[in-house]
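Visitor: Below you'll find the structure I mean.
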Amino acid sequence: MSERQDADDSGPGDEPAATVDGDTTVDRGRAGPVSTTVDRTAVGGTAGAAAPERGHGGDVSVKRDGRPEGAGTTDDPRLRRQAAVALVLLGLVTLVVAAFSTPWGVLTGGPPDPARDFTAQQIARAQAFDAATTLPGYLSLALTIIVAGVLVATPIGALILGRLRGPWWLRVLVGVVVITALTEVIRWPLGMWVETLLRDYGLSLQDWASWTTDRLKNMAVEVFLLALMLLALVALARKVRRWWIPAAIGAFALTVVASFVYPVVFEPLFNDFTSMQQGPLRTNLLAMAERDRVPVEDVLVADASRRTTALNAYVSGFGATRRIVVYDTLLKAPQPEVELVVAHELGHAKYNDVLSGTLIGGLGSAVGAILLYLLIGPVGRRAGFTSITDPRAVGAVLGLMTLGGLILGPLQNVVSRHIEARADVHALDLTKDPATFIAMQKRLAVTNISDLSADAVEYVLYASHPSSPQRIAMARAWAELNGVPVP
Ligand SMILES: [Zn+2]
């Protein structure tokens, strides 16, 4: 994940794509989808060893006609045509599903006007923080592109991974660890830079030991998911010539399963979650959920105050693992504001935003798997391997996944901003309290030092939510529309 992301989402790794996040979050939200993010998992992985690797433990099985079976070669024009047709069709299906599940017509407000709701001092502080984080943010993005570009377009990755020995699966596994660790080492200083800024501005409360632990845990989760993906891919490519078919199905399934188990398997690695304690707040929240006809068994509190002062809440999982989580930092806010945050999250639950996001993500992953099948041949000629079954291909595959994620990031943000706006409208419909909504938006923006006037590039690249002034303007438009006094 990009350093910018760290700047906003409090903790590392607590925002899988399949989390509809905390609303509160600063605009720069989940920025760079890097090969590393747990989120955008998806894109089908691969790697494999073919010709050059034969004899390394003799793992390439040979068919009766003497041709390496399947062996990941993607040069047969007929097979490539089939995959290309599937790519176009599935790509269209994905776009159509995304287009139809996005609430394009959601209510928006007039032009945002930070000066109306924020003091000159607050605006200046936000600008100063933005100015301080802009450079490491863009450097991080540039570094991500460069590292991925080098892995995809030069033989450096294959040269490094060519030193590994052992059976194919071990080399794939170690290859994922090596490439991920190298990338992490290169990005480490930028991460420290951003963390230092977060501390200077009072947003981070971590010491270096806990920061490092978080980062390593995050990397471990990433390695685990990537290794799972790549091992499955190579195993398929070694057996099946049209490996894009099972790979696409597998990528879809892995995305859905990962999103489902994320809250119960991965989130607890970073935070402790407890049931919100009995009391008027809990009673009111559950009563509100009932009024909203959204079945909620429990509201969980995350012990985020160990590492951050930022305010946040989110919904993750779906079906049996769906949960509404609020940061303990949020509980110091006046109760009506906490209720508004939860009302927003109920909107996500009501519209099944996590589930539809997961399905779109799964379809996108399947598309990515087919694209990988088509690209891996041409990429391999530059990057020094002949097939996905060559474990030296791991670096290029990870690079492709990173680049794919970067390209998709702005599209995801467009969809996300509309979904977030719909949850805001839902919160207003449910509470009919635009004054408190605006008070809460101001608290979030000031506490999290949100960018109050992001420039166009930042907005496109990083804004998973409408900006705070936009959300406030929307609340005023809602008040006007519903005959409520405009705050
Ligand atoms: Zn939200």
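Each Cβ is built from the backbone N, Cα and C atoms, and glycine gets one as well.
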Visitor: Quick check on the annotation: TrEMBL has H344, H348 binding Zn(2+), so which of E267, E420, E458 does it put in that site too?
Guide: E420
Visitor: Name the range, of those listed as 84-106, 168-190, 219-237, that has the largest tally of Cβ pairs under 8 Å with the transmembrane segment (359-380).
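Guide: Highest pair count goes to 84-106.
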Visitor: Rounded to the nearest angstrom, how far is the Cα of D424 (active site, proton donor) from the Cα of E345 (active site)?
Guide: 9
Visitor: Which of the listed active-site residues (E345, D424) has the least company, meaning the fewest other Cβ atoms within 10 Å of its Cβ?
Guide: D424
Visitor: Any chance the transmembrane segment (168-190) and the transmembrane segment (84-106) are in contact, meaning at least three CB pairs closer than 8 A with a sequence separation of 6+?
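Guide: By the criterion, they do not touch.
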Visitor: Of the listed stretches 138-161, 244-266, 392-411, which one has the most C-beta pairs under 8 A with the transmembrane segment (84-106)?
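Guide: Per the Cβ under 8 Å count, 244-266.
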Visitor: May I ask you to report the DSSP-based helix, strand or coil state of D424 (active site, proton donor)?
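Guide: Once the DSSP labels are grouped into three classes, D424 (active site, proton donor) ends up as helix.
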